[in-house]
Amino acid sequence: MPPKAAEKKPSTGGKAPAGKAPAEKKEAGKKTAAAASGEKKKRGKTRKETYSSYIYKVLKQVHPDTGISTRAMSILNSFVNDIFERVATEASKLAAYNKKSTISSREIQTSVRLILPGELAKHAVSEGTKAVTKYSSSAK
């Protein structure tokens with residue numbers, strides 16, 4: 001995975017933030033009565049789903065000695081999300097036009113042909129067909 005950029009925290013000029021007195025610090029290891037009885041639980045970190053790990057794996061297959069910045073990874077992730085959304089929307093419209101409630105590989109293939117230009121669409125369709133064939137043969 002790509003290394004994360006170091007986050008800078010805003011400086012408070014050596015002073016405690018407004019509304020918090022220095023005496024309010026909690027000791028580590030001691031639980032409050034509410035936490036011990038199970039009334040309130042801390043929320044865990046919300047997970048952000050990205051294509052970063054997959055983009056990184058493809059990069060290493062193509063150019064093993066090349067890295068990628070966090071900003072570039074973010075841009076590529078946005079790009080993949082955008083294309084995915086366009087293809088899904090178009091496939092949904094095609095299914096609705098044909099009065100079908102299920103999006104099949106045929107709708108995906110047609111939407112890719114409509115969205116992507118020329119040679120790019122041909123390559124995408126051939127790679128998609130290859131992936132579906134590989135999946136179908138391994139599932140049996």
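Glycine is no exception: its Cβ is also placed from the backbone N, Cα and C atoms.
Since we're looking at a predicted model, the values are computed, not measured.
What Swiss-Prot says about this protein:
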type: COMPBIAS; residues: 1-10; note: compositional bias 'Basic and acidic residues'
type: REGION; residues: 1-48; note: region 'Disordered'
type: MOD_RES; residues: Lys8; note: N6-acetyllysine
type: CROSSLNK; residues: Lys8; note: SUMO cross-link
type: MOD_RES; residues: Lys9; note: N6-acetyllysine
type: CROSSLNK; residues: Lys9; note: SUMO cross-link
type: COMPBIAS; residues: 11-21; note: compositional bias 'Low complexity'
type: MOD_RES; residues: Lys15; note: N6-acetyllysine
type: MOD_RES; residues: Lys25; note: N6-acetyllysine
type: CROSSLNK; residues: Lys25; note: SUMO cross-link
type: CROSSLNK; residues: Lys26; note: SUMO cross-link
type: CROSSLNK; residues: Lys134; note: ubiquitin cross-link
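DSSP assigns Lys134 (ubiquitin cross-link) to a helix in the three-state reduction. In this view, the residue listed as 'ubiquitin cross-link' is surrounded by 10 other Cβ atoms within 10 Å of its Cβ, with every protein chain counted.
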